[in-house]
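Peer 1: The structure follows.
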């Protein structure tokens with residue numbers, strides 16, 4: 001008997017509870033046990049990409065006056081071109097990761113997975129609406145909001161009230 005809200009992944013061959021999607025970047029299914037780690041990956045990738053872009057732009061504006069003085073230098077011209085390419089790739093990555101992080105947060109707030117959204121089987125009428133704090137606590141394994149984005153901890157399953165529990 002299959003537990004409620006579980007799906008079988010055709011790529012890795014596992015049955016995953018509350019499966020959101022199979023992620024090729026981590027080569028694993030994102031589900032109930034590792035959804036919080038996937039959110040941390042998105043958050044810290046977004047944070048570090050912003051940090052790298054900030055330094056890339058600062059470095060670019062440092063080199064811009066050198067370009068005017070040493071126009072014939074091969075290194076300065078090509079380093080500026082590489083920095084422009086890196087900035088373009090960083091902005092593209094930041095936009096993509098921000099979109100992914102946003103859709104994951106909306107999924108947690110509405111208590112639906114990506115698979116449920118695509119198949120329209122959410123049963124929104126029969127399922128009671130949970131407060132956003134409870135859905136985030138279920139995903140991150142703690143009610144302490146300060147601990148949600150600390151990567152060096154272990155997630156403990158929460159005990160949910162009876163009327164919010166998923167039954168088999």
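Using N, Cα and C of the backbone, Cβ positions are placed for all residues, glycine too.
Note: TrEMBL annotation is automatic and uncurated.
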Peer 1: I'm validating the feature mapping. Which of 85-109, 110-134 is tagged transmembrane segment in TrEMBL?
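Peer 2: Among 85-109, 110-134, the range TrEMBL annotates as transmembrane segment is 85-109.
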Peer 1: For the feature transmembrane segment as recorded in TrEMBL, pick the matching range from 21-42, 43-64.
Peer 2: 43-64
Peer 1: Summarise the model confidence on the domain 'Palmitoyltransferase DHHC' (2-119) as a single mean pLDDT, whole number.
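Peer 2: Summing pLDDT over the domain 'Palmitoyltransferase DHHC' (2-119) and dividing by its length gives 84.
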Peer 1: Six or more residues beyond either end and a Cβ under 8 Å away: which residues meet both conditions relative to the transmembrane segment (43-64)?
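Peer 2: Hits for the transmembrane segment (43-64): 76, 79-80, 83-84, 86-87, 90-91, 93-94, 97-98, 101, 149, 151.
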